[in-house]
Each structure stands twice: as structure tokens, then as C-alpha cells.
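Pulled from TrEMBL:
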DOMAIN    13-214  domain 'Phosphoribosyltransferase'
BINDING   R85, R110, D137, P138, M139, L140, A141, T142, G143, G144, S145, D207  5-phospho-alpha-D-ribose 1-diphosphate binding site
BINDING   I201, G206, D207, A208  uracil binding site
Amino acid sequence: MTSASDDGVHVRVVDHPLTRAWLSILRDQATDNTAFRSALARLSQMLVYEAFADVDVDEIDVQTPVAVAPGARVSTPPMFVPVLRAGLGMLESALAVLPDARIGFVGVGRDEETAQPVEYLASLPADLSGQPVYVLDPMLATGGSLIHTLDLLAERGATDLTAVCVVGAPEGVAALQGSAHRGLRLVIGAIDEHLNEDSFIVPGLGDAGDRQFGPR
Ligand code: PRP
């Protein structure tokens, strides 16, 4: 795992043999929809697990059958916000790690001509102050969709924000660093080479929504 903090955005690249193995399956153009969904679920569970590496916990005592043991409990249950469609494929995995999380939804589709985010759903509580929020989206390309989602969360008072992504482009990371979201944590499986002229990540894995669910 590598870690870097720049301009207030903390970037953690989860570089583990198993994340690389699952990511290779996702990248492979021969992987069909079913196998893609399965590999995404497995990789997401590892990424979400890493995203909670430094979560706040309450120290508690646990009564075992033998004695009292020191233990820990996550202080504040998180909220998961998958960005539709592609982020839906990460939600069950996130809930496997933290089953008592709250859940919100944001739907954003990228305009194919302009690559700008177009919002079609924001199902979020009005007040997110004090609520740790974990945004789930496999792809960080231009960063437009993620920044739009972070803006929606910040408008509702959320300040403890983490993005969990599978693969990103340096251009997307730079956009986050140039955004208003100074304390953001980004946990990501890989940062690839660049964006192409169609704003696709190179080498990337194609379109994670299409590869799970078929073309829109
Ligand atoms: C993809 C992806 C991200 C976004 C990334 O979604 O899942 O949400 O694009 O691109 P950006 O960083 O340039 O905004 P897409 O618009 O293809 O929608 P889908 O998930 O419904 O397929």
C-alpha cells in the first residue's frame, strides 16, 4: 500500500497481490458481465476494508467466556453512497464489511460529448453533519462525477469524506486536489497512465457500468 498527501487530498493506493489479481480480471476485455461483477465485488471488499484502516473506534471491554478482553467498536456507523450505475457493484461488498452502515444514492451519467456529469438522482438525507461518508465509484476519470457527488454531500454538511475507487487517471486525482474538498481521502486500486481523447482511462478497464450491466 502506498500513501501520499498532496494539497489536502490524502491518496492511498492499495497495492496488494490480490487487488492486482482482481484488477487484472476487471481489465481483461475477455471478462464477461457475470465475471466482471464477481471480480468487482471481491476487489471492492478489499478496498473498503483498507478504507477503514484508520477509522475512529471506541475502546470497549468484551466479556469472553474466560475473561474480560480489550476490544473496539467503530465510533460512528458510516454512510455508503454508491454513484449509479457503476458504484452499485461495490455496495454489497461495502455492507459486508460494515453491515450497519447507512446508505444514500447519487445517480450521475457522464455526457458522452462533453464528459461533464449529468445528475439524475440524489437520494440523500438533508443533514449529513457529523456523518462519515464513503463514496463508492469504480472509475475516477476526469473527476467530474466524483466532485459533483462530493459537492452534494458537502452541501448537506458532510465533512468526513472518503472516496473508494478501483482505478483512476492522474487527471482525475489532480482535479480532486484542485477542488474544494480539502480533507478528502481517496482509497484506490490503481492510478493509470492518462485519459485519452474520449476521456477514458488508459489502460483502464473500459466502462465499469457497461461491463457490469451492459450499454446504457
Ligand atoms: C462512469 C464512472 C464514473 C464516471 C467517471 O460512469 O462510473 O461515475 O464515469 O468519469 P468522470 O471521472 O470523468 O466523471 P458513467 O457516466 O459511464 O455512468 P454509468 O456508471 O451509469 O455507466
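Quick reminder: no glycine exception, Cβ is built from N, Cα and C everywhere.
Comparing the Cα of D137 (5-phospho-alpha-D-ribose 1-diphosphate binding site) with the Cα of every entry in G206, D207, A208, these being the binding-site residues, the smallest distance points to A208. All protein chains shown were included, and the count of other CB atoms within 10 Å of the CB of G206 (uracil binding site) stands at 16. Taking a C-beta cut-off of under 8 Å and a sequence gap of six or more, A208 (uracil binding site) has these contacts in its own chain: L26, L40, A86, G89, P138, M139, V166. Comparing C-alpha positions, I201 (uracil binding site) sits nearest to A141 among the binding-site residues R85, A141, G143. Residues D137, G143, taken from the binding-site residues D137, G143, I201, G206, are distinguished by a CB atom under 6 angstroms from ligand 1.
Note on the binding-site residues A141, G143, S145: the fewest other CB atoms within 10 A surround the CB of G143. One way to see the shell of the uracil site is to take the Cβ centroid of I201, G206, D207, A208; the remaining same-chain residues with a Cβ within 8 Å of it are A86, P138, M139, V167, F200, G204, L205, G209, D210, R211. On its own chain, D207 (uracil binding site) has A86, M139, F200 as residues at least 6 apart in sequence with a Cβ closer than 8 Å to its own Cβ. On the backbone, the CA of R85 (5-phospho-alpha-D-ribose 1-diphosphate binding site) and the CA of G206 (uracil binding site) stand 14 Å apart. Rounded to a whole value, the Cα-Cα separation of A141 (5-phospho-alpha-D-ribose 1-diphosphate binding site) and G206 (uracil binding site) is 11 Å. Here the CA atom of G206 (uracil binding site) lies 16 Å from the CA atom of G143 (5-phospho-alpha-D-ribose 1-diphosphate binding site). Distance between Cα atoms for S145 (5-phospho-alpha-D-ribose 1-diphosphate binding site) and G206 (uracil binding site): 16 Å, as a whole number.
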